[in-house]
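The feature ATP binding site is assigned by Swiss-Prot to GLY10, ALA11, GLY12, LYS13, GLY14, THR15, ARG127, SER136, PHE137, GLN198, with sequence analysis given as support. Residues annotated as region 'NMP' in Swiss-Prot, with sequence analysis given as evidence: 30-59. Taken from Swiss-Prot, the feature AMP binding site applies to THR31, ARG36, LEU57, LEU58, VAL59, GLY85, PHE86, PRO87, ARG88, GLN92, ARG160, ARG171. Residues or ranges marked as region 'LID' in Swiss-Prot: 126-163. Positions annotated as Zn(2+) binding site by Swiss-Prot, on the basis of sequence analysis: CYS130, CYS133, CYS150, CYS153.
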Amino acid sequence: MRLILLGAPGAGKGTQAEYLSKRFSIPHISTGDILRENVKNETELGKKAKEYMDKGLLVPDEIVIEIVKDRLSKEDCKNGFLLDGFPRTIAQAEALDKVLEELGQKIDKVLNIEVPDEKILERMSGRRICKNCGASFHVIYRPPQKEGVCDVCGGELYQREDDKEETVKKRLEVYHAQTQPLIDYYKAKGLLVVAYGQEEIADTTKEVLKALGIE
């Protein structure tokens, strides 16, 4: 099975990607991870990418695509893979089609995990992290026994910048603007399937399997 996984930040994409990777014995390929790996291992592509990253610039498509191509040509991708974080644009999607054609492969399905924005906002802006031990809490779903204090070590709980309401709203706006054309692109190709994210992880997994036609 060759899958592309779409989903807004906070939609629970990472958890489902891990599950699907284990269930189907296919590698979970996160573009962020393979980019960092190439930089760390000082590969030719990694060195090129690092020049941009060091300047705080986005790594150009042609480098990202080469890195993805290199990863997809590895032995463990022969029977399938799960792509997460790529493609992000129509240009990248078209480039991916070409890469797969060269490798004699094609995408089976594009899975979009949909969660209403207000639900994501509640999930993310309610998160609190312990400054001392890193334990995670949630003001609604997993509140600490004493407000602002970690149950584990008694450390102070704080809200990460990334989880502040305004930041989350901005990230969601950017995500929708960027991803909608991609959703339309794969819908037109008849590859798009949708799973509706639920409160419980296990219920989302059921939705995901149903969307993929696996009960």
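Just so it is clear, glycine is given a Cβ too, placed from its N, Cα and C backbone atoms.
Note that the structure is predicted; figures quoted are calculated from it, not measured.
Distribution of Swiss-Prot features across the structure.
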residue	record	CB count, 10 Å
GLY12	ATP binding site	20
THR31	AMP binding site	19
LEU57	AMP binding site	9
VAL59	AMP binding site	19
ARG88	AMP binding site	16
CYS130	Zn(2+) binding site	20
CYS133	Zn(2+) binding site	11
CYS150	Zn(2+) binding site	22
CYS153	Zn(2+) binding site	12
ARG160	AMP binding site	11
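Of all the binding-site residues in the list GLY12, ARG127, CYS133, PHE137, CYS153, the shortest Cα-Cα distance to ARG160 (AMP binding site) is found for ARG127.
For the binding-site residues GLY10, LEU57, PHE86, ARG88, PHE137, a Cα to Cα distance of within 10 angstroms from CYS130 (Zn(2+) binding site) holds for PHE137.
Across the region 'LID' (126-163), the DSSP tally of helix, strand and coil residues reads 3 helix, 13 strand, 22 coil. Around the Cβ of GLY10 (ATP binding site), the number of neighbouring Cβ atoms within 10 Å comes to 23. Cβ atoms under 8 Å from those of the region 'NMP' (30-59) belong to residues 17, 66-68, 70-71, 83-86 of the same chain, restricted to positions at least 6 beyond its ends. When the Cα atoms are compared, GLY14 (ATP binding site) and THR31 (AMP binding site) turn out to be 13 Å apart. Within 8 A of the CB centroid of the Zn(2+) site residues CYS130, CYS133, CYS150, CYS153, the other residues of that chain are LYS131, ASN132, GLY134, ALA135, ASP151, VAL152, GLY154, GLY155, LEU157. The closest partner of CYS133 (Zn(2+) binding site) among the binding-site residues, by CA position, is GLY12; the full candidate set was GLY12, THR31, LEU57, PHE86, ARG88.
Close to PHE137 (ATP binding site) in the fold, though at least 6 residues off in sequence, lie ARG127, ARG128, ILE129, CYS130, PRO143, PRO144, CYS150, ASP151, LEU157, each with a CB less than 8 Å from its CB. Among the binding-site residues listed (GLY12, THR31, LEU57, VAL59, PHE86), GLY12 has its Cα nearest to the Cα of CYS153 (Zn(2+) binding site).
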